[in-house]
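One structure is given here, and the rest of the page talks about it.
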Amino acid sequence: MEVQLGLGRVYPRPPSKTFRGAFQNLFQSVREVIQNPGPRHPEAASAAPPGARLQQQQLQQQETSPRRQQQQQQQPSEDGSPQVQSRGPTGYLALDEKQQPSQQQSAPECHPESGCTPEPGAASAASKGLQQQPPAPPDEDDSAAPSTLSLLGPTFPGLSSCSTDLKDILSEAGTMQLLQQQQQQQQQQEAVSEGNSSGRAREATGAPISSKDSYLGGSSTISDSAKELCKAVSVSMGLGVEALEHLSPGEQLRGDCMYAPLLTGPPSVRPTPCAPLAECKGSLLDDGPGKSNEETAEYSPFKAGYTKGLDSESLGCSSGGEAGGSGTLELPSALSLYKSGALDDVAAYPSRDYYNFPLALAGPPPPPPPPHPHARIKLENPLDYGSAWAAAAAQCRYGDLASLHGGGAPGPGSGSPSATSSSSWHTLFTAEESQLYGPCGGGGGGSAGEAGAVAPYGYTRPPQGLAGQEGDLAIPDIWYPGGVVSRVPYPSPSCVKSEMGPWMESYSGPYGDMRLEPTRDHVLPIDYYFPPQKTCLICGDEASGCHYGALTCGSCKVFFKRAAEGKQKYLCASRNDCTIDKFRRKNCPSCRLRKCYEAGMTLGARKLKKLGNLKLQEEGEASSATSPTEEPAQKLTVSHIEGYECQPIFLNVLEAIEPGVVCAGHDNNQPDSFAALLSSLNELGERQLVHVVKWAKALPGFRNLHVDDQMAVIQYSWMGLMVFAMGWRSFTNVNSRMLYFAPDLVFNEYRMHKSRMYSQCVRMRHLSQEFGWLQITPQEFLCMKALLLFSIIPVDGLKNQKFFDELRMNYIKELDRIIACKRKNPTSCSRRFYQLTKLLDSVQPIARELHQFTFDLLIKSHMVSVDFPEMMAEIISVQVPKILSGKVKPIYFHTQ
């Protein structure tokens, strides 16, 4: 026989109540009660007529042993009325049940043979309609049974409606007996000090004081220790106890029981304590009774999904009323979150779509049933995707979702003529996984004849026959014929994404509005996607306005004016990555000034605004005048603008974000060896790669690209960028006599031979000498380096090829503007542009040779003891083979 270990002592369990596991105890007992209700329910006893109850009581008293009769003592209630404390047939103390008001019994029933006389408080109890609970016939002697949860009735009234089997499970051995002596002392002190009426009545009648009286002190309240135990029992059973803390016992907080019976309603709608198990499980998933409608509306899809399989089941319960009647309350399966009746007037937000889930609903959601006036269960309304679906569709990547909302625009699948022609286009995904783009965001009401209509980006939609194919997408080899490109011919893909992801961050420079083309159709106003900024772009403090070309606060405005106009050079004491916020903006002036430049601040912003106004004014005067001085006036205006643009904001940003000097960590005291030199080069490459990523993310317009395109462009162009930057350092530091990889790693002729890459080093030194021969200026170097980032792409194209092409062309225009800044002769500008573009083309063959060298070195690195950092090894092993196999090719300006 198995035994249960309680807090008090070891006591035997009935054989039928032996379980293994806490949750198995709970659900198996509940299942047994549902299947075999038995006569243990208090309703079964209360529904019997008074005569039958009297006969049953007489029979029970005759069969009760003398020792058992001594244990069944009468206990006065708070108002002095006697109550009988009985034990259930399983040998455990039962919970005190709430006595139903009865009009059929006017006096306390007492068997004439027992010789009991009614106490003085009995008459008052009878007048109030209270009745005694008859004792249940015992199965065995249970004098050692614990009196645990029978003491918790006044504090946890919700448990009073639970079944007897559930009470048996909750009645563990001697849980409250540890505190019984302390409570008895407290009760004695309270009895002496207070001298309540119930105590005087017991002393007058000489009635013995029951164990419950001695524990509770004749009142319905319990100590803090008992409350803590009550909370522990409730938490172990998955019950919400938050509501018990702020409500007094007199408020009768019903419905917080595990099965949530609606005891606050009229008797006709009160369910039985034995609610279905599905409702019990559903209630355990909720957060508790203290949640508001607005908070729980966010998680309604998840709760509705859990109870989806229970939609066909009725979760209502029936019970007997006061006069033996019964009623049924039907509740939907999603009604599992409790709330008080005071919160019923709080409006939920059924149309709010927090997670932008594109759920396709077959029809409008059914209206929820009206809540019961006394019900304490929150009615969860399904998500309403009617009028609010337009806002959700506008945030999706694919424009065709905008036609799904109920705003009056027909779309595919809505019964319009376009439903047939667009049936092969899924609303969320393309027909084939290999397609690069999704459905373009045109109007929802097109027909089959409008398949070639112009999309927002100028792309055309293919006819129905090509809907599931690549459309008229050009062959990748035709994009860059012969590896030469002047202006990339745009293909006409079947569809294009309308990317509006978080990577498309706004930039206040000249390319900040690049993504806001006037041809793009927005479902909602542009302010919906880009809310007006109200914080300083430098420190995050409250912005006072647009100062020097950026939205900043007054402090950063004054700092930039003084720092930009002053002659003082700021140096960062750290690694040029200090945190600049409201509280630490004064710690590092160097990083603060760099962040100002990154935000687009410049001293000429005010002058540019004045010149722009002057230009508009002069153009207006020139258009209205008919004098022969019209042409000279226009030339004068252009000359003023071009003269100012010799120092554009673009160059200020490039100068501010240029990475600093990176050391390789090479030990020059050790003798040079192949493994040591190459390991130091690999370590330097990984360190520089981190700076390249930060530099690229700060470039104007770079984040307008798709996030996958950003990663691809950096992984393909990192070698060319490092070679180009190393050539510039060699030119400026050692006059191109040696290769200046890092201050602690400079390659001379000996190291070039020792590294076994002499031919590659010679070509890199020749590139460095080109900077001196062509007299490259720092402004030209910065722009060429930025353009080199956008000079190699996959043959199949990027995910957002149009943005990439526009960004590359804008950088080419910036380079041409820098060239034309100091040259007035167009022929000289063209010659200079030719020289610089030829220099850019010469970087690609060098980078390809280095790609081949590093890939071969990685394969045999374990043989030559050369260390490869993890990030470098991953890029070389994954991305470099694509370049060597021809899947990724550079973009040349001239024929090779």
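The backbone N, Cα and C atoms fix where each Cβ goes, and this holds for glycine too.
Swiss-Prot names R729, T854 as 17beta-hydroxy-5alpha-androstan-3-one ligands; from the candidate set N682, N810, N825, the record adds N682 to that same site. When Swiss-Prot is compared with the stretches 536-556, 641-661, 767-787, the one noted as zinc finger is 536-556. It is 572-596, from the ranges 22-46, 247-271, 447-471, 572-596, that Swiss-Prot records as zinc finger. Following the DSSP three-state reduction, the secondary structure of K697 (site 'Interaction with coactivator LXXL and FXXFY motifs') is helix. K697 (site 'Interaction with coactivator LXXL and FXXFY motifs') is surrounded by 14 other CB atoms, counting those within 10 A of its CB over all protein chains shown. Across the region 'Interaction with HIPK3' (548-638), the model assigns an average pLDDT of 72.
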